[in-house]
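Heads up: the structure comes next, in structure tokens.
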Amino acid sequence: MNQLLSKSFKPLVVAGVAVIGISAFSGNRAYDEYRKERESISKKMINDLNENKITMFDYFQECKTLGRDEQLSKLNKLSKVYNKQKLNEQENQEELIDLDLIVIGGGATGTGVALDAQSRGMKVALFEKYDFSSGTSSKSTKLVHGGIRYLESAIMKLKPSELTLVKEALRERSNLLNNAPHLSRQLPIVIPAYSIFDASKFWIGCKLYDFFYPFNDIPKSYLQTSAQTYKEFPFLREGLVSSVVYYDGQHNDSRMNVSLALTAAQQGALTLNYTEVVELIKDDKINNNNKQQQLKGVVIRDRLTGKKYSVPAKCVVNATGPYCDSIRNLDDPRADPIITASSGVHIMLPGNLIPSDKGFLNPKTKDGRVLFILPFEGKTLVGTTDDPSPIIENPQPLEKDVEFILDSIKEYSNPNVKLDKSQVLACWSGIRPLVSDEPAAQGDNKKSTSQVTRSHSLRMSESGLITIVGGKWTTYRSMAEATVNLVCSKHDIFTPKGCITKNLPLIGGEKYYNTLNQYLIKNFNLPEDIAEHLAHSYGDQAPFVAKLANENGSNKRLVEGYPYIEAEVTYGVKKEYACTAEDIIGRRTRLSFLDHDKAEIALPKIINIMAPLLKWSNERKKEELKNSQNYLKTMTSK
């Protein structure tokens, strides 16, 4: 008993008693009317659809957005040849400005800001230097979570800010799962306990996690016997006492990011990838007592054609994640850095290590971290590391990081489990944009990045540049809402509507239903794995991908062993702004994340499909192959 009531454990015991004492007040969640309506999508209509009493066009609505060339044409009309004298002498400068907001950065946060602002009635343009989700947002652990380890930090180290972060993330977890049900799912995660002390500690911690989200749309945590745990996870070493199972969410991060960009475009925003901001446009208006020119727009360069556009706007938001300081330095060369960068390495293993519907958490690795082992797209995703990192483009995992992850799995594995680098199908490194009041020098190993807060930071410069940075995937929507609120208040922008993104379905989510894959099998004669993949990747747009596949005979697989088909390449170019083969293997499909070697095999076929659509010459095709192979090098360790 003394051990259980040790000093380090007392906060958890007290908190656990509190949870048990007041859990009766949590009650059942009264689902809001919107969610009720979404979950009861015309059962009769779905039955009629499945029985072919109505056509797909009576139920599904194809997403309509401007193509990239159409968006550039519209941008050209908006673009003004910047003349400093004319801008300063204009009696009504607002007449020169057609856009309310420019967003720099096409990751989760940037596309979230663009969608929030455009859906309120603002006129928005978003510019991304590379592809949507090409940076940090595609390289996550794929979890939609409150952050159970941050809860431990909040309680054990008495950090109220961490508790606030957990509560916000738990609320946003539900919003994300509801708005993109095809791209996300609830996922039970098992925490193994090798002592009664650990079992008690983990159980109380998970019950606290439940308490801070006292609604019934996410199942509650529970204790599980060692026998059941061994049955599900036979790789575990002997000595298990029990395990605790808690619930979080999982999503396809890149597909989610692309859906955000498409939804913003459907709302009317200009969402352009491969457009780099090379200059900030300013006038000579003095902001109060600060001798700082006011920001009035940006100059962008189309990286595919080299053409430049000067684009005025009332406000500019910097949402470039770990690269935000470079934009801040464009605005003010004196600006101090605010980013403490951290690298997060993940590896992909074959799918036979854990169940397809349950994850595993190593609660404490040998250096005090946590490690997730998760099912993802038929494989096993393992990660992550958390080390200081230089801020570079296209980071590559280090051999030592891959070995660390493999060793961390072995800590909980029985001797019969053989794991080595030869089984790693792919690996990647993402850079977390952590915000620190006292940023460490990049690569400074004396500062533990795992101790830097995951909260976001929102700030405005003297020129009016608004920077949003930090946070995590799960809280992208609330971060975007806070950003647009600041845009409206600081730049006096009136919007006819308030924020509606809490209940705004993303492209593919509005009319998705759980048996859509069966409809695809029956009506398009698709193999089961391909139908399942299309339903979960495209949601209610999947029938249009399947229809395209049947019409032009592009229902063949891109590579054996995976459900990706040729029609997805055409669809990605025509409907999802894919401009390179890398976009296809990395972000429209997830092939490069699942299997580096198979992605390389698929490249020639993908390039041959894209070439006539994008008018590539033979020389351009060779260049594309080389560029894509260079990208694939970042999906292996060095």
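The backbone N, Cα and C atoms fix where each Cβ goes, and this holds for glycine too.
Residues annotated as FAD binding site in Swiss-Prot: 100-128. A coil conformation is recorded for Glu128 (FAD binding site) in the three-state DSSP classification, outside any helix or strand. Neighbour list (Glu128 (FAD binding site), Cβ cut-off 8 Å, at least 6 residues apart, same chain): Gly105, Gly106, Gly107, Gly110, Ser134, Thr271, Leu272, Asn273, Tyr274, Thr275.
Cβ neighbour density within 10 Å is lowest for Ile104 among the binding-site residues Ile104, Ala108.
In the three-state DSSP reading, Arg120 (FAD binding site) counts as coil. DSSP gives Gly112 (FAD binding site) a helix state. With the fewest other C-beta atoms within 10 Å around its C-beta, Asp100 stands out among the binding-site residues Asp100, Gly112, Asp116, Val124. Long-range C-beta contacts of Arg120 (FAD binding site), restricted to its own chain and to partners at least six residues apart, with a cutoff below 8 Å, comprise Val484, Thr495, Pro496, Lys497, Gly498, Cys499, Ile500.
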